[in-house]
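A.B. asks: Before we start, here is the structure in question, set down as structure tokens.
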Amino acid sequence: MCASVKSNIRGPALIPRMKTKHRIYYVTLFSIVLLGLIATGMFQFWPHSIESSSDGGVEKRSIREVPVVRLPTDSPIPERGDLSCRMHTCFDVYRCGFNPKNKIKVYIYPLKKYVDDAGVPVSSAISREYNELLTAISDSDYYTDDINRACLFVPSIDVLNQNPLRIKETAQALAQLSRWDRGTNHLLFNMLPGAPPDYNTALDVPRDRALLAGGGFSTWTYRQGYDVSIPVFSPLSAEMALPEKAPGPRRYFLLSSQMAIHPEYREELEALQAKHQESVLVLDKCTNLSEGVLSVRKRCHQHQVFDYPQVLQEATFCTVLRGARLGQAVLSDVLQAGCVPVVIADSYILPFSEVLDWKRASVVVPEEKMSDVYSILQNIPQRQIEEMQRQARWFWEAYFQSIKAIALATLQIINDRIYPYAAISYEEWNDPPAVKWASVSNPLFLPLIPPQSQGFTAIVLTYDRVESLFRVITEVSKVPSLSKLLVVWNNQNKNPPEESLWPKIRVPLKVVRTAENKLSNRFFPYDEIETEAVLAIDDDIIMLTSDELQFGYEVWREFPDRLVGYPGRLHLWDHEMNKWKYESEWTNEVSMVLTGAAFYHKYFNYLYTYKMPGDIKNWVDTHMNCEDIAMNFLVANVTGKAVIKVTPRKKFKCPECTAIDGLSLDQTHMVERSECINKFASVFGTMPLKVVEHRADPVLYKDDFPEKLKSFPNIGSL
């Protein structure tokens, strides 16, 4: 261009107009393509959501802003993984500290570009999977952008797949991390460990004390209680919207879908197929597919082509065999299909086996028993198979279906180790939502820290017996451990007394007016209940002394998962009528304590209100009876334990109450109580009540000992 202009200074340039337009067009197009390539490179090098922005959110930074770190050849290299590491030896729990939410804080290191002395990058661009993993962590409640608050550190160095890694240089990059400290409290994620020809079952990168969330651990490389065994993520099952299939018998009893398996294993499987014919299907790689058909989504048997992973839904059991690596992505595909995995891989540590009960969802068969696998599976009852099919699908939905699910499950396991008193229960890990107790966690464990609120809350259900109510309030207020008194006013046609008329007591007194007159109102989880212990007491129970109530509370503190009460009752089997009978006579046994005066954990208010099986709650409210029996059934069914009757008192008759006031005096009432027991037993599908022949009394009760020296001198008479 310059030469042309110089040689034609006396006239216009000799470039035709159309040619100039075309050149401008191509230059512009080239510029756009170049900018697009630069933008694509920036996106690939930078993972989503790992840098904290000024507003506390997450931002994506330009590749130009990523600092370059040069690693000299003699940079320090961490020691190889310490196989003796356990949480109490290699993890610094003091970095985590105590916090009210019992949540660890996880810090993600900023992205850096590591290069060697020659300027060659140590690793390639961060993979899509690792990008998703970092995003999941940064979007979670665990994430913190303050390195000083962090308990756990996650590098932005992608080691998910060992294949492209430069082992030495990657280890040197890890050692450059600002808080590395021999890998203490650092977490690495790796799904494809090892390299040919040996294919080690754990990441070969030297990592010292760092925790490893690895896919494909063996019993030789897995540090139990320290490392976390995770699934090998399957993009195929994650991208395939495979509808859930109802449990039950399927076309094939046993199916093998893996392609690259050892020839000896394939011979064993083909021998089973030859023996059992159409009930066994052994698939292999397709060799006759049309051009353009994705081979990864097809499997073949002889010349028959099957869609994969859809074909897995046609089988009851699916084999999961070791390949070059011990961990296989096919496990995720099998679980998604609701096919029960038959794991034939000796020494394999199943994913999340620290918390997941794999006996409920899989069958593990030793490799030497592979020829007997068909007969082994035939011995499993059909009902159990269907439960395993449901459980397999549930495991995939909860823990396998996405990188996010894998990341959060890993962090939860580590969190449970650090805060064991707030750990997720076995049921919460393993029970599908249809059978677990929903969002409120069961607090009935051995606590490692004291409850936030001591004492108990007394809940008095009343309708219009004001004089008796005031006497109950006065007596209960004398109990030293009383924290609050809550009156549930169940009368919609009459206002409660004016505030000035209520007894003056030392603890807060709150009146709650209900919208409807229901007995179940006494078991509602009111926000005003701040203590763990609840005393349910009727407005006519005026005979209990403060010593009796205080002793009952202290017994409950020793057994917080029990119903601890005073009026004892019994259920009996009537052989003549062939049904259950309610018994209120004095006997040597009890199986219930009435909630007219009983202590229990406030957790059961939640279960009673929101999780009571069947129509029991509506039955109680309709018949205006048996709410106490329903609570006894509920507690016994949840805990599997009997009630505890305290103190010898058996008479709970209100001296001023007439026969009209006292429902228990009516013979019809007793018949209805028997009907309730039979109704509830039918709904629960069992009789959960446990019969016991003992009660709890103070140690010095009836001993010839000075009353002044007894802790509970006024226990009272029968």
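Just so it is clear, glycine is given a Cβ too, placed from its N, Cα and C backbone atoms.
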A.B. asks: Given that Swiss-Prot annotates Asn490, Asn517, Arg522, Asp538, Asp539, Asp540, Glu627, Asp628, Arg673 as UDP-N-acetyl-alpha-D-glucosamine-binding, name the residue from Arg465, Arg562, Arg569 that shares the site.
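C.D. replies: That UDP-N-acetyl-alpha-D-glucosamine site, as Swiss-Prot gives it, pairs Asn490, Asn517, Arg522, Asp538, Asp539, Asp540, Glu627, Asp628, Arg673 with Arg465.
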A.B. asks: Just confirming the record: what cysteine out of Cys85, Cys90, Cys151 does Swiss-Prot connect to Cys96 via a disulfide?
C.D. replies: Cys151
A.B. asks: Using C-alpha atoms only, work out the spacing between Cys286 (disulfide bond) and Asp538 (UDP binding site) and round it to an integer in Å.
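C.D. replies: Answer for this pair: 75 Å between alpha carbons.
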A.B. asks: To test your reading of the UDP site: which residues beyond Leu461, Arg465, Asn490, Asn517, Asp538, Asp539, same chain only, put their Cβ within 8 Å of the Cβ centroid of those residues?
C.D. replies: Val460, Thr462, Tyr463, Leu469, Val488
A.B. asks: With UDP-N-acetyl-alpha-D-glucosamine as the bound species and Arg465, Asn490, Asn517, Arg522, Asp538, Asp539, Asp540, Glu627, Asp628, Arg673 as its recorded binding residues, calculate the greatest Cα-Cα distance and give it in Å as a whole number.
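C.D. replies: Of all Cα pairs among the recorded UDP-N-acetyl-alpha-D-glucosamine binders, the widest measures 24 Å.
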A.B. asks: Determine, using Cα-Cα distances only, which of these recorded positions is closest to Asp540 (UDP-N-acetyl-alpha-D-glucosamine binding site): Cys300, Cys339, Asn490.
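C.D. replies: Result: the closest of the recorded positions to Asp540 (UDP-N-acetyl-alpha-D-glucosamine binding site) is Asn490.
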A.B. asks: Report, in whole Å, the straight Cα-to-Cα distance of Arg465 (UDP binding site) from Asn288 (N-linked glycosylation site).
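C.D. replies: The Cα atom of Asn288 (N-linked glycosylation site) is 87 Å away from the Cα atom of Arg465 (UDP binding site).
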A.B. asks: On the 0 to 100 pLDDT scale, where does the topological domain 'Lumenal' (47-718) sit on average?
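C.D. replies: Summing pLDDT over the topological domain 'Lumenal' (47-718) and dividing by its length gives 88.
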A.B. asks: Once the DSSP letters are reduced so that anything not helix or strand counts as coil, what is Asn637 (N-linked glycosylation site)?
C.D. replies: helix
A.B. asks: Please give the UDP site's span as the largest CA-CA distance among Leu461, Arg465, Asn490, Asn517, Asp538, Asp539, to the nearest whole angstrom.
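C.D. replies: Site span for UDP, by Cα atoms: 15 Å.
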A.B. asks: When you rank Asn517, Asp538, Asp539, Ser584 by Cα distance to Cys90 (disulfide bond), which of the binding-site residues ends up on top as the closest?
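C.D. replies: The answer is Asp538.
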